[in-house]
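Participant: According to TrEMBL, the protein has these features:
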- 39-331: domain 'G-protein coupled receptors family 1 profile' (DOMAIN)
- 24-47: transmembrane segment (TRANSMEM)
- 59-80: transmembrane segment (TRANSMEM)
- 121-142: transmembrane segment (TRANSMEM)
- 163-184: transmembrane segment (TRANSMEM)
- 216-242: transmembrane segment (TRANSMEM)
- 282-306: transmembrane segment (TRANSMEM)
- 312-333: transmembrane segment (TRANSMEM)
Amino acid sequence: ADVEGRSLPPLCTPCCCGVLNRTLAVAFMVLLAFAIVVGNVVTLTVFVQTRQSRTPQGYLKVSLAIADMMVGVLVVPFSVYTEISLMVTSAPPIWYHGSPTSPAALTSLGGPVGPWQPCMLIGPVFAGCTFVSISTIFLMTLERSVAILWPLHKDALVTRRRTLLLILLSWAASFLLALAPLIFSGNFTLEYNECSRMCNYTPLLFGGRLPPDANILLLFPAFDFTLLGGTLAVNIVSFTSIRLYTRKRKLLSEGSLSDAGGGGGGCLHRPSFSDIKAAKTIGILTFAFTASFSPIAVFVLGNVVGNTWCNFSFFAFWILTGNSCCNVIIYSVRDHRFRKGVTLLFQREHSPPHAEKT
């Protein structure tokens, strides 16, 4: 900490932040940003140009794609710019150690002085988009569970208007939570961290000690794991219903269960094949997000108790960032309608208007 009690970003050792290491890191960031932007632009284009995708589930996929693309457009390029600046110049940018919320940057009247800290924008964007992603996956799980458990009432319960309202609420709540450490505590700032190579929430140290409200950062993993737990519970209910339905179909085909015993009624309310496959796809999305977010949760817990974990923080933050290009890959493998939309999109670009469809 400096003389004002503000925590400075931890510096990497030469082996971790040497020229070769920074060059490799920048190359990785550029490729990742390209993959995130291109993949999610394709997702959005397929939604806009494919009428069959304009469903409540399609709107949720668009919300997820927009959150992921914001990471590729704002968060990753800022890290690339900062890393290149540190490589080219001998001194860090003028804003590197400055923050409008730090004690050193406040006047006696309480107004900010000194350079504006870009991390005050980039950090909440990354955190907010992460929360939007998990809340959207949770909403997608609920939408599929309604289609599986109450297929006859799906259109009445899950409407476009309700879906759009829930999407807006999830975005508002996610970014409010991302700003919570700055709104409800004066002991946090956002600074670029050379270990994670990202903008991180940084507690202000006073006398070498963490502030008493440092555990406010635990709101982040608590929120994510609460929604992930809810998503897992809903998935268990949905897949249990699918399993029961599959078993009933098998018994009916073997003649072990008669229609009079209620089998026929079950078939009237059977979920469609597309609903079952969509539920499985969302289950994979949930698993991928849980795997990518868990290292961050471990890092936050360690950070609250005073551990730095420099090398681990880089892998934790960038594994989570890499998840922003995983969703389109999962769609490409699992979603036939999405693959068909991509095929039609590229055929439209490279073929005559009346070309034969494959």
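Any Cβ shown, glycine's included, is placed from N, Cα and C.
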Participant: So which of 24-47, 59-80, 121-142, 163-184, 216-242 has the most C-beta pairs under 8 Å when paired with the transmembrane segment (282-306)?
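Facilitator: When the Cβ pairs under 8 Å are tallied, 216-242 comes out ahead.
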Participant: For the transmembrane segment (312-333), what are the same-chain contacts with Cβ under 8 Å, counting residues 6+ beyond its ends?
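Facilitator: Residues 28, 32, 35-36, 39-40, 42-43, 61, 64-65, 67-69, 71-72, 75-76, 126, 129-130, 133, 193, 195-198, 200, 281, 284-285, 288-289, 292-293, 295-296, 298-299, 339, 342.
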Participant: Express the predicted model's confidence over the domain 'G-protein coupled receptors family 1 profile' (39-331) as a mean pLDDT, rounded to an integer.
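Facilitator: Within the domain 'G-protein coupled receptors family 1 profile' (39-331), the model's average pLDDT equals 80.
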Participant: Checking distant contacts: for the transmembrane segment (121-142), what same-chain residues at least six beyond its ends satisfy Cβ-Cβ under 8 A?
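Facilitator: For the transmembrane segment (121-142), the sequence-distant neighbours (Cβ-Cβ under 8 Å, at least 6 residues beyond its ends) are 57, 60-61, 63-64, 67-68, 70-71, 74-75, 78, 163, 166-167, 170-171, 173-175, 177-179, 182, 190, 198-201, 220, 223-224, 227-228, 230-231, 234-235, 238, 279, 282, 285-286, 289, 293, 320-321, 323-324.
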